[in-house]
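As given in Swiss-Prot:
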{"type": "BINDING", "residues": "Lys706", "note": "ATP binding site"}
{"type": "MOD_RES", "residues": "Ser73", "note": "phosphoserine"}
{"type": "MOD_RES", "residues": "Ser294", "note": "phosphoserine"}
{"type": "MOD_RES", "residues": "Ser332", "note": "phosphoserine"}
{"type": "MOD_RES", "residues": "Ser707", "note": "phosphoserine"}
{"type": "MOD_RES", "residues": "Thr1003", "note": "phosphothreonine"}
{"type": "REGION", "residues": "99-119", "note": "region 'Disordered'"}
{"type": "MOTIF", "residues": "190-200", "note": "motif ''HIGH' region'"}
{"type": "MOTIF", "residues": "703-707", "note": "motif ''KMSKS' region'"}
{"type": "TRANSIT", "residues": "1-47", "note": "transit peptide"}
Amino acid sequence: MNKWLNTLSKTFTFRLLNCHYRRSLPLCQNFSLKKSLTHNQVRFFKMSDLDNLPPVDPKTGEVIINPLKEDGSPKTPKEIEKEKKKAEKLLKFAAKQAKKNAAATTGASQKKPKKKKEVEPIPEFIDKTVPGEKKILVSLDDPALKAYNPANVESSWYDWWIKTGVFEPEFTADGKVKPEGVFCIPAPPPNVTGALHIGHALTIAIQDSLIRYNRMKGKTVLFLPGFDHAGIATQSVVEKQIWAKDRKTRHDYGREAFVGKVWEWKEEYHSRIKNQIQKLGASYDWSREAFTLSPELTKSVEEAFVRLHDEGVIYRASRLVNWSVKLNTAISNLEVENKDVKSRTLLSVPGYDEKVEFGVLTSFAYPVIGSDEKLIIATTRPETIFGDTAVAVHPDDDRYKHLHGKFIQHPFLPRKIPIITDKEAVDMEFGTGAVKITPAHDQNDYNTGKRHNLEFINILTDDGLLNEECGPEWQGMKRFDARKKVIEQLKEKNLYVGQEDNEMTIPTCSRSGDIIEPLLKPQWWVSQSEMAKDAIKVVRDGQITITPKSSEAEYFHWLGNIQDWCISRQLWWGHRCPVYFINIEGEEHDRIDGDYWVAGRSMEEAEKKAAAKYPNSKFTLEQDEDVLDTWFSSGLWPFSTLGWPEKTKDMETFYPFSMLETGWDILFFWVTRMILLGLKLTGSVPFKEVFCHSLVRDAQGRKMSKSLGNVIDPLDVITGIKLDDLHAKLLQGNLDPREVEKAKIGQKESYPNGIPQCGTDAMRFALCAYTTGGRDINLDILRVEGYRKFCNKIYQATKFALMRLGDDYQPPATEGLSGNESLVEKWILHKLTETSKIVNEALDKRDFLTSTSSIYEFWYLICDVYIENSKYLIQEGSAIEKKSAKDTLYILLDNALKLIHPFMPFISEEMWQRLPKRSTEKAASIVKASYPVYVSEYDDVKSANAYDLVLNITKEARSLLSEYNILKNGKVFVESNHEEYFKTAEDQKDSIVSLIKAIDEVTVVRDASEIPEGCVLQSVNPEVNVHLLVKGHVDIDAEIAKVQKKLEKAKKSKNGIEQTINSKDYETKANTQAKEANKSKLDNTVAEIEGLEATIENLKRLKL
């Protein structure tokens, strides 16, 4: 199946006929035949054939089979497979037939190829607008504006929006929230570590669509921006940079000078990222921009720490932490990436020239003191032998009962190691049933050491070297070099037993790729178990809703198993812990002991607390060198940005926030911590709703990675970029030279022609259209490019409509019906109010797929139906008809641009500003215009149904014209003895003609006897038939055979439906909807059979 689909050229895309109207489908729904057919051969693929073709998945090329039968019951796998094979044959046959027909007819034209039409180059658009001023709108007749160019359309508007303050919250005259309510979102602060990626663009697209929508609904709206200092991430990037540039470490600079270097980095990349955000159209209130290391937010961080420390929630303890040797700091569990290996595997480790072996279980023997026995144990980390302080066996294991209480001899150190019994630490059935215990380097062993009061011996320095505890022969050796040497010496001592493959999980640092070492370190911890209970309760009680439900379930699971949080980091960039060690004169005290630490918002406060604690002692204070985990300051974001701990107006107005929108991957890093700290420090939830969006992957479903070369810079999608330039960007990052070549190959596979210019509006719309509530988004750049073409549709339609309205057109002061509307106007206004209702409801439910597809569909109704149909009204109608058609056209453009504004802010502003304005319009920008809502007077179902009949007649007439290859001067007859249908068709003859290019007139009759001989028939419904005069156009025998085939197919379909209806238990098991659908289908099929039989008789008479 894929073979012939994948060999296709992209020379054309069919426009399919919908059941109601002709339209272009979104790129994701296009059925593209890409076989080696020329553009001239397209017409030989008949529309009737297309109607019968099965749908195909545009990405995989696989046929899509409906898994349900007509009565709603599921098909069996065998039935599905049979139907699939049949569909594939049909597709192959259709493609062959189209090519065959084309080859037979276009031979002559191929001998005389037409000259290619020379396309005049479009001159470059030069925007002369002064930054911050309202954009100078050049006439659309200007050659530079002939075609849609996103760069032209999107220029100047953002600076004007900022200058005019349209993004700032709007209050009533007395400074209160507007009656419509408040809507506010705290934007997740991006790290100041380089550049935004497409995931940031998705976040902004979703958030800003909701912000703009609610602003247009009249609410007091705040979209609060800011940036995160990103401690580990930023420091590690700057360290890499200064090493690559100057061959210096941070220690060469010293703390103060190095932090100065990081601030320089921050200033440069902060402005770069801010520019990217503005290019994305985010309607942030920049007057409230926040930064986690600003003096204001630092005050909030210090306040939070001191309060929690004084309450005992923050405490000092020496525990195992995840130590990154490369970064020389502890990292949280959430910053650890686990790599699973099945067996012996070689991995690259920072600081080692050769790869290191993992996935191996090494067995060796400990000599039992006082006997010739040896106790065999197994380990994946032989180098930790120097930290062993016990060997544990199960108390019920008969093999070792005689060894209870005895000792073994360490092979490299003069250390006697006790043999202990422990039910929790030992599984008798696993391995030898004897386990080495290394309390200072393994979490399970740590717990065992606590139970048995064992010695905790740390064998590693912060740099991952063996320390003095290992003896002079080993001290200073790298940990993984020591692993090899330990095995060698065990062999020399005849204590080595063997190795075997071992499936295992290896913890790595997500920032550096280093192998994590569990190290015993004194750190600051947050006790979370009690806070977690409150966080669970507010979600269960509905004070916070989490969408989707899968994320809510993960939230409960994580909080139900929460551990205390290590918040100190051995870094220089960040908030220095506001806690001080009390050095009492003449005394020595352990820094692990929390009794000798005081927290203070200032040194003066700390001195007062220390003096109160030790009133009769002389002391000095020394502030902790460590900084706080970045997620601690980020956890305060919803209230620190509003001025907490001060009782500001912003805190009173906007806290708690309406919602928090972010990726589900940082639900635990960030979202839960904001809830925990918000409840603890403010007594309130920080937001009322959490919406977790999907993660963006590439078109093949792979995670985006610099090394794969599939990371997408949103600016490259907006402006376009060549493949060579994509390659060049790889050299600007911190990728290893070996990774660069791999990434280049990945880029060539993903973007062989580079990335086309799509513009911000198309990218935003595509990202929102992708948001379906799933876990992942497989982003295809071609789909984004498809929405650029949609932008062109909007641009050209508005341009054409403005020409139709004329320069002197002035819309009525208020919107509404005049009473002079034609049927097509009533129909399109019904569609407008219907779409407005659907979109409002969808956005309120965060249903972005429904909202974007409904708006997309509505624009195509305007372009392909109303504008086409209104041409004759505006050109040839009476003065009243012309005025009504123009007023309706204005209503459509005004509302359609407003509907799409939250998703496409730039093109909607550009084209809306070109529309004439009602005298009552108060908004200077579409940003502040009112969002379209349901209007009951437009909800004319009867008129809508009547015009749907017109469109169905049009569809069937087009189908016949295409099938019989009649390209002009076609003669169409509509037959109906149903009074209402007859009147509709008669009244709308001009509409039908305007929608069908190949005919000059339509005749409407009441009886089939009025149809001339030589016509073929297509049934619209049981009461309406469309006839096309084919006499003189076709081979009669061939057409009789063709109609006979259709008749046989229709009869077969009728039999199938009747079998379903007459089947056992149908009346009791089939639902009402299925029964109604089957009855309607049967009625239509019967009418089709009668019409086809009449057509055959008619064609036979032509032969006489």
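Going from the start of the chain as shown, residues are counted 1 onward.
In case you wondered, yes, glycine gets a Cβ from its N, Cα and C as well.
Structure coloured by features recorded in Swiss-Prot.
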residue	record	Cβ contacts under 8 Å, 6 or more apart
Ser294	phosphoserine	none
Ser332	phosphoserine	Asn322, Trp565, Cys566, Asp629, Trp631
Thr1003	phosphothreonine	Lys971, Val972, Phe973, Val974
Checklist outcome for this item: Across the motif ''HIGH' region' (190-200), DSSP labelling yields 3 helix, 1 strand, 7 coil
Checklist outcome for this item: Simplified to three states, DSSP reports Ser332 (phosphoserine) as coil
Checklist entry - Can you give the mean pLDDT for the motif ''HIGH' region' (190-200), rounded to a whole number? => result 84
